[in-house]
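Copied over from TrEMBL, here are the features:
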DOMAIN    11-117  domain 'TRAP C4-dicarboxylate transport system permease DctM subunit'
TRANSMEM  12-39  transmembrane segment
TRANSMEM  60-85  transmembrane segment
TRANSMEM  97-115  transmembrane segment
Amino acid sequence: MDPLTTGALGLALMFALILVRVPIGIAMGMAGFIGYAILGGVKPSLSILVSEPAGIIANYEFAVIPLFLLMGSFATAGGLSAEIYRLAHAFVGHRRGGLAIATMGGCALFGAVCGSS
């Protein structure tokens, strides 16, 4: 089958699965798996289905995501998030649009504390 036709059918399949309330990630995965199975064969698509998750988990950029979430949970449980917002609100809360500016400042400070840029 032509790759362009396969892509169009995969897109239609993905949207059809989303319409019947299948989670988006699963719908995308199923459409990609079926499309690759049509173009490259079932055996290579099963091989990729098995090897890719391990490769993604072993990647450093994805491995630190749980640590960022854990740091955010610790900061919230310790009250650091509220204190950061109070600090930002004290500096800019009295100005016009101060709530929005304080929220953005709090997000920037929280990102600096957690290590995300």
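Our numbering is plain: 1 for the first residue shown, then up by one each step along the chain.
Yeah, the Cβs are placed from backbone N, Cα and C, and that goes for glycine too.
Two recorded stretches are said to be in contact when at least 3 C-beta pairs lie under 8 angstroms, sequence spacing 6 or more; the transmembrane segment (60-85) and the transmembrane segment (12-39) fall short of this definition. For the transmembrane segment (12-39), same-chain residues at least 6 beyond its ends with a Cβ under 8 Å from one of its own Cβ atoms are 1, 3, 6, 45, 48-49.
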